[in-house]
Amino acid sequence: MLVDVHAHLDDKWFSEDLDEVIERAEKAGIIAIIQNSLNHKTNEVSLSLSKKYKIIRPAFGIYPSEINEDVEKVCEFIRQHKKEVASIGEVGLDGTYPDMDGQKKVFSAMIAIAKELDKPISVHSRKAEQETLYELEKQDAHKVHLHCFIGSMALVKQAVKLGYSFSIPLTILKSSHFQEMAKIIPTTQLLTETDSPYLGIERGKRNEPSNIPLIVKKMAEIKGLELEEMQKILFINYKRLFG
């Protein structure tokens with residue numbers, strides 16, 4: 001009963017062998033993959049993938065680099081598919097992209113639609129972690145899932161107090177940052193992600209959902225739990241947030 005709460009299986013790296021990728025995921029014990037989107041076009045692709053593969057659940061949203069998208073069009077698409085959508089994502093703020101004010105306006109709209117439909121929100125916060133937490137708290141965001149959070153441990157603790165969940169990527173195998181996060185975050189607020197095809201353990205090598213067991217094993221080791229107990233906790237966390 002393993003879950004990948006954040007992946008991008010529409011990426012061109014999967015264009016030739018997605019059937020095999022899904023098959024490997026299922027053999028590895030993955031029961032659900034949250035397929036995140038970037039804009040209206042990829043929202044539609046994510047919906048199509050979820051209809052083709054039962055294991056895939058779609059997330060719809062507008063990524064920080066895509067703020068010129070028609071926000072109302074995206075929100076209406078999300079409303080039309082509120083039964084199918086598992087999460088609002090991938091949305092948030094990114095300090096490496098221009099127009100932070102524009103990003104905040106779009107992010108605000110994404111938080112609002114998540115609250116309106118009572119859906120979780122998968123949040124990107126690269127190099128804008130403090131601003132991201134501020135916007136989430138300001139709008140009283142619910143069901144927040146922080147994807148690949150690389151903010152300071154002080155910010156991690158702040159987000160923990162706000163009740164936010166964190167998904168831990170494959171880089172926990174080597175990253176002291178994610179290992180420390182796994183130590184200090186309560187087990188009830190932990191999730192697993194691959195961000196496939198990105199964040200592979202080897203630079204330039206494609207990541208995929210079948211690597212989730214490696215993350216769970218490392219998390220169990222850090223938390224001092226039996227593997228089965230860690231798996232059970234993570235599944236309960238997933239069901240609580242994503243239904």
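Any Cβ shown, glycine's included, is placed from N, Cα and C.
Quick caveat, the model's predicted, so the values are computed rather than measured.
The divalent metal cation 1 site in TrEMBL is built from HIS6, HIS8, GLU90 plus one of ASP140, ASP195, namely ASP195. Checking each of the binding-site residues (HIS6, HIS8, GLU90, ASP195) against HIS124 (divalent metal cation 2 binding site), the C-alpha distance stays within 10 Å for GLU90.
Each residue contributes its Cα atom, and for GLU90 (divalent metal cation 1 binding site) and HIS147 (divalent metal cation 2 binding site) these two points are 9 Å apart.
Taking a C-beta cut-off of under 8 Å and a sequence gap of six or more, HIS147 (divalent metal cation 2 binding site) has these contacts in its own chain: VAL5, HIS6, ASN36, GLY89, GLU90, GLY92, SER122, VAL123, HIS124, SER125, SER167, GLU193, ASP195. For the binding-site residues GLU90, ASP195, the greatest number of Cβ atoms within 10 Å around a candidate Cβ is found at GLU90.
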